[in-house]
Amino acid sequence: MNPNQKLFALSGVAIALSVLNLLIGISNVGLNVSLHLKGAGTKQEENLTCTTITQNNTTVVENTYVNNTTIITKEPEFRAPSYLLLNKSLCNVEGWVVVAKDNAIRFGESEQIIVTREPYVSCDPSGCKMYALHQGTTIRNKHSNGTIHDRTAFRGLISTHLGTPPTVSNSDFICVGWSSTSCHDGIGRMTICVQGNNDNATATVYYNRRLTTTIKTWARNILRTQESECVCHNGTCAVVMTDGSASSQAYTKVMYFHKGLVIKEEPLKGSAKHIEECSCYGHNQKITCVCRDNWQGANRPIIEIDMTTLEHTSRYVCTGVLTDTSRPGDKPSGDCSNPITGSPGAPGVKGFGFLNGDNTWLGRTISPRSRSGFEMLKIPNAGTDPNSKIVERQEIVDNNNWSGYSGSFIDYWDDGNECYNPCFYVELIRGRPEEAKYVWWTSNSLIALCGSPFPVGSGSFPDGAQIQYFS
């Protein structure tokens, strides 16, 4: 074959390949157009799937090399909001790791940090936030004098990104009040704030930031609620509220809400003698609340709510390992039905536990007399066995540093787990009354921890502020 014939042959092959490449490109364009027309012709209001087609055509005539690549990728489906269903069990936990620490008091030495107390954590489909009751002032403001008082007209609920100390510029105002709870049902958030006079208080209920109803005091003695997140199942949210004496008989109700409206309420049933400041978590279509008996018990009362029947019962954590503060020494055997008394006893502190059979964990201050230090105790079957004992201990805050309230929370929208990973927070109170020598204010920082399925190391995570810097 002479050179001219070779040239014609190569040119013919190149032209053929180019035509083939052109036909493939035309077919890809046709496919793309047909897919888009099909998507446009079908109206889907909830679940939409986007298809992206990337075409790369390369032709080199001289070397007769053709590269034709078509990549079809599916973007993740958009899921319409739906009600949370408590259809998982709690995850097993081998130890606890810190996931957030806001260092609010340390920042407050030079920054305009808001004075708060009663903080907690609550999650929704987009993530988790810190909620707290502010005192209408910043730490360095002269109005911080006297913020040891729990109930004033200047308090209100705010939220910030978890781990971010609250300032005037980054805090989101929620509602006015000196007691609160908040939870997300998967579609919207319900929030309750209690405001007004001690003997004539009102609870205001909001759903998606809009006022939906109000609840007036029923015992005229400091109507109050959980000071941590409530929990929802299939659109119904359960909240524990108490009205009455903090040191004798009080009147507790379990209330059920749908979109911020009361659909049912039950007076306290079961053997618990006094209920305050419940820390609640959901699992297996149930809600378990570990609460505070401010009247008699150094053991914690619990409320168990069946969210399929909207009914509850109450009793006490069975173990003889006592977790309220103040408390007497641990007992060889506990009591599932009655408060365990002893000196020192009342008044108490908000606390929590995760009652999960062999993987039960309870939290408590290290000091039996004051709100200092914090530890997590693994006590298998503590919720059901009076003779259950501590098998593992993890220190969270050493006993040379102040702690405070603590409570539970769970990110129910963590799709990476086939179970609900337990989490909790600890309030780190600074100022009065323990540090009245240095300052006139009372405020807090916060740490949040979540369970690890693997063994963890050790560490103490105190507030860390040098209080004398504020003198």
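Each residue, glycine too, has its Cβ placed from N, Cα and C.
The transmembrane segment feature in Swiss-Prot is assigned to 7-27.
The topological domain 'Virion surface' annotation in Swiss-Prot covers 28-471, and the record cites sequence analysis as its basis.
Swiss-Prot lists 36-87 with the feature region 'Hypervariable stalk region'.
According to Swiss-Prot, the feature disulfide bond maps to CYS91-CYS419 (among others). The Cβ of CYS91 (disulfide bond) has ASN417, CYS419, TYR420, ASN421, PRO422, GLY451, PRO453 as same-chain neighbours under 8 Å, each 6 or more residues away in sequence.
The C-beta environment of CYS123 (disulfide bond), restricted to residues of the same chain at least 6 apart in sequence and closer than 8 Å, consists of LYS129, HIS184, PHE409, ILE410, ASP411, TYR412, TRP413. Annotation source Swiss-Prot lists disulfide bond at CYS123-CYS128 (among others), citing sequence analysis.
According to DSSP, ASP150 (active site, proton donor/acceptor) sits in a coil region rather than a helix or strand. The 10 Å shell around the Cβ of ASP150 (active site, proton donor/acceptor) contains 16 further Cβ atoms across the protein chains shown. Per Swiss-Prot, the feature active site, proton donor/acceptor maps to ASP150.
Neighbour count (other Cβ atoms within 10 Å of the Cβ, all protein chains): 27 for CYS230 (disulfide bond). Here Swiss-Prot flags CYS183-CYS230 (among others) as disulfide bond, drawing on sequence analysis.
Taken from Swiss-Prot, the feature disulfide bond covers CYS232-CYS237 (among others). Sequence-distant contacts of CYS237 (disulfide bond), defined by Cβ-Cβ distance under 8 angstroms and a gap of at least six in the same chain, are CYS183, ASP185, MET190, CYS230, VAL231, TYR256, PHE257, HIS258.
Taking the Cβ of CYS291 (disulfide bond) as reference, residues of its chain lying under 8 Å away and at least six apart in sequence are, in sequence order, VAL240, ALA272, ILE275, GLU276, GLU277, CYS278, SER279, ARG300, PRO301, ILE302, ILE303. The secondary structure of CYS291 (disulfide bond), as reduced to three states from DSSP, is extended strand. Feature annotation from Swiss-Prot assigns disulfide bond to CYS278-CYS291 (among others); the stated evidence is sequence analysis.
According to Swiss-Prot, the disulfide bond annotation covers CYS280-CYS289 (among others), on the basis of sequence analysis.
Look at Swiss-Prot and you will find ASP293, GLY297, ASP324 tagged as Ca(2+) binding site, backed by sequence analysis. Note: GLY297 (Ca(2+) binding site) has non-local neighbours LYS273, HIS274, TYR316, ASP324, ASN338, PRO339, ILE340, THR341, i.e. same-chain residues 6+ apart with C-beta under 8 A of its own C-beta.
Annotation source Swiss-Prot lists disulfide bond at CYS318-CYS336 (among others), citing sequence analysis. Following the DSSP three-state reduction, the secondary structure of CYS318 (disulfide bond) is coil. Summarising the environment of CYS318 (disulfide bond), the number of other Cβ atoms within 10 Å of its Cβ, over all protein chains shown, is 23.
DSSP assigns CYS423 (disulfide bond) to a strand. Taking all protein chains in view, 24 other C-beta atoms sit within 10 angstroms of the C-beta of CYS423 (disulfide bond). Swiss-Prot lists CYS423-CYS450 (among others) with the feature disulfide bond, giving sequence analysis as the kind of evidence.
Of the recorded residues, CYS318 (disulfide bond) and ASP293 (Ca(2+) binding site) place their C-alpha atoms 14 Å from one another. Proximity of CYS289 (disulfide bond) to non-local residues of its own chain (separation of 6 or more, Cβ distance below 8 Å) is seen for GLN226, VAL240, CYS278, SER279, CYS280, ILE302, ILE303, GLU304, ILE305, given in sequence order. Ranking the disulfide-bonded residues CYS183, CYS278, CYS280, CYS336, CYS450 by other CB atoms within 10 A of the CB puts CYS336 at the bottom. Cα spacing between ASP293 (Ca(2+) binding site) and CYS336 (disulfide bond): 14 Å, rounded to the nearest whole number.
Neighbours of the Ca(2+) site: apart from ASP293, GLY297, ASP324, residues of the same chain with C-beta atoms within 8 angstroms of the site's C-beta centroid are HIS274, ARG292, ASN294, TRP295, GLN296, ALA298, ASN299, ARG300, PRO301, TYR316, PRO339, ILE340, GLY348. Nearest neighbour of CYS128 (disulfide bond) by Cα distance, taken over the recorded positions ASP150, CYS232, CYS336: CYS232.
Note on the disulfide-bonded residues CYS232, CYS419: the fewest other CB atoms within 10 A surround the CB of CYS419. Across the structure, CYS450 (disulfide bond) and CYS232 (disulfide bond) place their CA atoms 20 angstrom apart.
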